[in-house]
Amino acid sequence: MDDRQVQPGRVIVVTGAAGGIGRALVDIFAANGDVVVAVDLPDSGVIELGQNLGEPHLGLEVDVSREDDVVALRALLEKRFSRIEVLVNNAGIGPTMAATADTALEDFQRALAINLVGAYSVACETAKLMKPGAAIVNVASLAGLLGNPKRSAYAASKAGLISITKSLACRWASRGIRVTAVAPGHVRTPMVAELERAGKLDVSAIRRRVPLGRIARPDEIARAVRFLASAQASYITGSTLVVDGGWMSVNQPGGAHQAQDRTPGAEFMRPVEDTDARTVIVMGGATGVGAAIARRFAENGDTVVIADGDGEEAVKLAGLLGDKHLSRRVDRTVETEVVSLFEELRERFGHLDVFVNGMNEILVPNTEESPEVLKRILDVNLTGAFTCVREAAISMRSGSVILNLGASLSLSPLAPSHAYGAYNAGIDMLTRCTAAELGPLGIRTATVAPGYIRTCAANRLAAVAGMDSASLRQRIPLGRVGDAEEVAEAAYFLASFDASYINGSILHVDGGLISSREAGWGSEVDGAISAEMRPQRRPAARWRLLSP
């Protein structure tokens, strides 16, 4: 665990606290030194849970589908605490696994009332007690992103929760409240155990479908929630982090992992964490976001290799970080240079623990992009990235991690250039394909997708888009550009043991940019907001974010 995620004394409200994931959430936040308000249904054992935790923790019986209960909860919280720092919306009911034709209307409505309307109601009431810096994390589901038979009500409710996560993130950003979600795959909870006992779920078949070869433990979901609720996720809002072992990265018939004779031990107990210093290589690590990532791993005591086309800057940063860190000048468009680099590192270290695949921002307005320019940019940022991933994978062992740096803007149809959108989309797919391929070997992959970050590259991006700094900030719900260190924190988390079930996922570190569907929404005033956070708006302006 990263000690910097621990902010003792925060008041954390956890709904659905008495069951699987909820109990793991309670345990993790309480261990952090936070004050936990555990909320669940009557007769769920939540009162006893609160009593066992002891003062100042609290257990409360609340039915989130009843508006009167939720209003009463807010009144009690207001009386007992001066403020609420974090809400985790975890209350929910699982799928009945009944066919659509056999699903009663009341059952469909009940799923919506608890999983969606209840979560929204609790968020709205609790937000009244929140100050800038507070966070709401919704526990959604992979079912809200992928269709499956016999899950109509459950899937619809979770898809709605993911959508509300985005809209609330935009609405409350001006108040300094972040809203995010996690989307777990299959988790070893009492809910899943009951479905398995009833013969409605074949867990052995699920394991074969997951590249990592197992279902998740509740604490793996709780650790992802803890990160999203922490100060280290300060530029993440509106994002949904998929925690599925790589399920979404597989799109082919048959299994993603070979059948296993016994239940993997990691489903029941968290393996012992290797606390030895890791060997980390950061490609493009000499300046900007890459340099911030290199510094973050170095702070942890890891050995960092800074590889960059700018050898002089790489040497300078390695010198600042300390004697054990290395620098190498590498042109990743030259295959032989990349191969030689990784051969040298394998010989020196034996294996690599983390590879961070940075990129060189090359921005040309769409009107100036010839096929030759497109190819040149792809050679650097996509083909070169592929070569690095290929060689890094050869150098890794079970437990190693590959992180690719992409961009949230690549998902916008108004990308700043054809090449920019193309290579970032390619990077995301490279992450997913390698997650499916390397997951069975115990190697995880993920994409970190920054939005506008305070670097020279961000200034060039704005220039290509034809925007000044005020216009740029208006486009971002949080009302500011991010810092390179905020991207580094996301990368550090994804490479950590706390992210052990995250594989093939993309994490947007963009201040809510990708959740904002039209220009100017992000800086909409909704309550008090400081002048620093709120740039001056231009009346009737509709910014064409990325068109020159």
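One-based numbering along the chain as shown.
From the backbone N, Cα and C atoms, a Cβ is placed for every residue, glycine too.
Annotation comment: Swiss-Prot describes TYR154 (among others) as active site, proton acceptor. In sequence order, ILE93, GLY94, PRO95, THR96, ALA111, ASN115, SER141, ALA143 constitute the residues six or more apart from TYR154 (active site, proton acceptor) in its chain with CB-CB distances below 8 Å.
Look at Swiss-Prot and you will find TYR420 (among others) tagged as active site, proton acceptor, backed by sequence analysis. DSSP classifies TYR420 (active site, proton acceptor) as helix under the three-state reduction. Of all the Cβ atoms in the protein chains shown, 24 others lie within 10 Å of the Cβ of TYR420 (active site, proton acceptor).
Around GLY33 (NADP(+) binding site), a 10 Å sphere centred on its CB holds 11 further CB atoms from the protein chains shown. Per Swiss-Prot, NADP(+) binding site is recorded for 12-37, 280-304.
SER141 (substrate binding site) carries neither a helix nor a strand DSSP state and counts as coil. Around the Cβ of SER141 (substrate binding site), the number of neighbouring Cβ atoms within 10 Å comes to 28. Sequence annotations record features per position, and here Swiss-Prot assigns substrate binding site to SER141 based on similarity to another entry.
The feature region 'Short-chain dehydrogenase/reductase 1' is assigned by Swiss-Prot to 1-250.
Annotated region 'Short-chain dehydrogenase/reductase 2' per Swiss-Prot: 271-548, in sequence order.
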Pairwise Cα distance for ILE12 (NADP(+) binding site)/TYR420 (active site, proton acceptor) [Å, integer]: 40
GLY33 (NADP(+) binding site) in three-state DSSP notation: coil
VAL26 (NADP(+) binding site): tally of other CB atoms within 10 A of its CB: 29
Rounded mean pLDDT for the residues that make up the region 'Short-chain dehydrogenase/reductase 2' (271-548): 84
